[in-house]
Amino acid sequence: MLPKENLKYFQIALFVWISFRNFVAKAENYTPEMSQDNLGTAYEFKIHIDAGKEDCFYQYIEAGSSLYIAFQVVRGGDSMAGFYVNGPTNQPIMPYQWKQHAEIDDSNVLQTGYYSLCIDNKPSSFHSKLVSLYLASLKRDEWDKYIKELSDSDVSVSNVTSMLRNVQLNINEVVKKLEHSRQKHTYDLYLADSNNRYVQNWSLIHCVVVIACSIVQVIFVRKLFESNEFKKGKVRA
């Protein structure tokens, strides 16, 4: 049996973990608004960017929230694309980067508003790209309200505050690492599939070329040994 005080901390930590899991689970249904019923928002989806095109997506973020955004090109061309993030007043939050993977991690967003997440494929004139986009934002003021509620309930605020902060930071780091690992895994899967199709296609082409060359060689050899005398039944000595 756990001591009464430790059991209380364990229950609080369990509640925090369940709350975080609930807000992450809601990411499957994308919405640009941050719901008041949870601690933030998170979502991941894959975007197909045509050659010579640029697409932007917008997410509402509240001031004081944390913000983590990760881009990863998983398939297409040289596996490179342009990524940049702008704030509500169009100020650059993440400068333009032409690379395979880019991310931004801001622990304290200063402005409330819609943030634009843009993917640029204009420099690529012939190859479309498949890009994985992940965003997570946590409303820290909701955590502060929860801590205040605990203090009103005569719970030891100093220990609980430290514990909740550690749980929050640890969960955020774990989610970031898992998402980065998932994007790398997805890229490896698409790369393996692309290599497999490349090998199969060239193998088929080589087989067709070999068969065609064999047929041509047989025809030329037969033509080489053909003669009019042999056809007339006269064999030259």
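Each residue, glycine too, has its Cβ placed from N, Cα and C.
Taken straight from TrEMBL:
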- 54-137: domain 'GOLD' (DOMAIN)
- 202-221: transmembrane segment (TRANSMEM)
DSSP residue counts for the domain 'GOLD' (54-137), split into helix, strand and coil: 0 helix, 55 strand, 29 coil
Mean per-residue pLDDT computed across the domain 'GOLD' (54-137): 88
